[in-house]
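The annotation transmembrane segment is assigned in TrEMBL to C:12-32, C:62-86, C:98-118, C:130-152, C:187-212, C:232-250. Per TrEMBL, domain 'ABC transmembrane type-1' is recorded for C:63-250.
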Amino acid sequence: MTGEKDTIVHIDNVTKRFGNVVAVDQLDMKIMAGEFVTFLGPSGCGKSTTLRMLGGFENPSEGRIVLDGVDVTSQPPNRRDVNMVFQDYALFPHMTVGQNVSFGLELKGKSRPEIERRMAELLDFLQLSGFRDRTPDQLSGGQRQRVALARALAPDPKLLLLDEPLGALDAKLRGQVQIELKDIQKRTGKTFFFVTHDQEEALTMSDRIVVMNAGRVEQSGTPEDLYFRPESRFVAEFIGETNLINGTVRGVEENAVVLDWNGLSVRGSGHGHRPAAGDNVTASLRLENVTCHNKKPANQNAVEGKVISKLFKGSRTSLDIRVGEREDSIIRAIWTLAMLPKLPMISSGLAGSRNV
Amino acid sequence: MTFWGALLQNGAYQAVANTLFKSQRRQFWILASLPLFWIFFANLGPIVEMFWIGFLDSYPPKVGHEPQFTLANWAAFFQDRVFIIPFFRTLAFSFIFTAITLLITYPVAYFLAKHVSRKNQLLFLLLLLIPFWVGEIVRTYAIMILLGNNGAVNLALKSLGLIDRPIPFMYTGFSLGVGIIYLTALYMLLPLYSALEKLPDNYLEAAADLGAGAWTRFRRITLPLSKEGIASGCTLVFLISTGYYATPVLLGGPRSTVFAETIAGFFHVAGD
Amino acid sequence: MTRNTRILMSVIYWAFIVYLFVPLALMVTMGFKDSKFIGFPIRSWTLDWYAAVIQDTQVLSVFGYSMTIAIATTILSLIIGTWVAVFLGPNQFRGKAIIFALACLPAVIPGIISAIALRIFARLIDIEPGMFAIILGHTVHNVPFVALVVMARLSTQPKSHIEAARDLGADSIVAFFRVTLPYLKPALIGAGIFCMLLSFDDFVRAFFLGGYQPTLPVLIFAKLRSGMSPEINAISTIVLIMTAILGLWAERSMRRLNKGS
């Protein structure tokens, strides 16, 4: 996180309804200056509506939006110091790259030399100097994305909104652009409000991720928090791949919770939660935390199991392992090819997090 | 500062814009103002006015006489043979011409959509547009040259030895039909073509595969799926063909006087 | 498709092409006939009729009159038609279907009915028969075509273009002129040429709404009523060539538009 820890945006108890549908439900959140915050969630979860309310394209049904201390709730997009990178980039097809980037500066009433200077500076910054006189249809997807970014950065907004800007890129390019984008954010020190449904994107770039579901915030925290310490079943399932274990609490120890899962004893970290014995809880066991051995090791969490199917995925193989007696006690594990064990086998692991 | 930048920063402009864009509702009505005015004033106004005059006992207004509401004009219209015969004749003519146009252009559209290469389709449509761009008068005149007693058709028939004396094509229902169809064919052809062009070949192949013969395929697949094209083509041709004035005057004869000529004649007597 | 039906269809197809082009070809040919008498056969050829037309001051002034009307009509139709399209395209409101139908009404009313209704209406609003009445009549007729073409183009413009302009500081007016209007340009060129042609070629409205000064189609009509002459062929041929060129140009710009950008 760069910059000072001032609140730049306060989403103050905002609700948005479309007819009877509640798109965003009493969202209350502060965004710090210089933060790269990502709203993550499935389509229809309210993340895009939140972004559009920040941009001024939708009016909240209730609540306020405060930008740098000023209530902008009812201000139209052209009056806000907020700029946006659109999902389809929305570059103006009849203007050159240079004209696209100057557009916002021009309308702000800047003088010609100033527009020139700032435009050249941004094109240089985003390695677009050679493309100044091209039109958008003469650019590649990655170049267009950078032009859209340059255009949105040009008026020097207090908040930059990015609406799934990597969705239109192919998988290979996406990884590279993620790094670039994070780097640009660091160098400019701008506050980025990023919206995506791609959890990998969110994990790679964000200072903070806000997971939304059905108009509400499920969890907000650093990528590590969300990955290792999900607060809800939804977050555990949505971020990364995981095994969800529904069990009954047998006992609580100092650093661990012991579960009874279909007659097997499993111990895991409670991450601060201290459920009572007899509670029904769900634990999350990350795929990569399952290790396989040919002989049962002397580990408290080791259970015997049988590989019932394997799926080759190139650099790794995913295994479905049945543990214990019951048909539905199945754990999925990720294994690198070289270590592919022989059958039968024993699996062991550590349960990650839990949820009541 | 650039023009648009200066405009947006200009105080007077900002004041005006603030009033204009004060609310969504106001913006909507400002945007709606000219279209609604135009639609009600220019599109609807003349038609309503014409109907209204149909109920007045005198038009144009005479000095010292307040026009009275009456149904007499409508009664006269339905009783007077001078009006009613051309009126129904126009409807009958238009109906027949529409049917003939459909029969002629359907195979043309089908052949064009299904048996002509993509490139030639575009070329054909382009060529088709040329006579279409040329106005009513010039095209009517071209038909006069074609069908006249010394016209191309008679010359061709004579030189083939089929006739001794020219056939009097002109000033009949026939010459009128040739002219009207010449003017309206495009309005039929284009909707038919776009309907047939969208029809996937594999529907017909599937039908053939299921044992349907050529006639069954046409009746059960092609015809129902081009129904919309037929409907819009026929509506257009019917409406447009009733509206011609110069063509019936120049190509039609005394026995094929259409309503347009009657109202025009009446209008020139009474209107001015 | 049996072989016979296919042959039959190709015969009809080619016959149709002949039907479309032979009359116009004959008309053009007749303009070069070295005789005052219209009809076949043609024994000797001349360019005299063209020379006469080009020197005929009446024809030239009528041509200019028609052109003035066409240009004025085109400008008015483009402004009103685009406005109607921008209003009816993106906005949703109650009764939109009815308003849309009324907006398209003049395109489907038979020409003669529309002409006479407008003649009566022009008297009501105190417009003398003549140039302004014709311009009004042609504009009423053309606006639906412009509106439809512009609406079609407008529907392909991504909503995000206008949002991006708004986001970068434009109000609705500036966003329209800087982003939407340039996007509509090909549609406006196509629709504009189409308006010129409709206006220039129109007979029935010009005939009923005109005063003493005839437009070109009205002049040809008047000349035709007093007898056919190769002079008319020469005038018609010039009109034909001009309209064909304009029409092909419009067609080209519309085709580019359909390919999209």
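Including glycine, each Cβ sits where the backbone N, Cα and C put it.
Where the transmembrane segment (C:232-250) meets the stretches C:12-32, C:98-118, C:130-152, C:187-212, the count of C-beta pairs under 8 angstroms peaks at C:187-212. The transmembrane segment (C:98-118) is in contact with the transmembrane segment (C:187-212), judged by 3+ CB-CB distances under 8 Å for residue pairs 6 or more apart in sequence. Below 8 angstroms of C-beta separation, residues 103, 131, 134-135, 138-139, 142-151, 154, 176, 180, 184, 188, 191-192, 195-196, 199-200, 206, 213-217, 219 of the same chain, each at least six residues beyond the ends of the transmembrane segment (C:62-86), sit close to that stretch.
Distant neighbours of the transmembrane segment (C:130-152): 65, 68-70, 72-74, 76-78, 80-82, 84-86, 88-89, 103-107, 114-115, 118-119, 122, 184, 187-188, 190-192, 194-195, 198-199, 202, 205-206, 209-211, 213, 215, 254; these residues of the same chain sit at least 6 beyond its ends, with a Cβ under 8 Å from one of its Cβ atoms.
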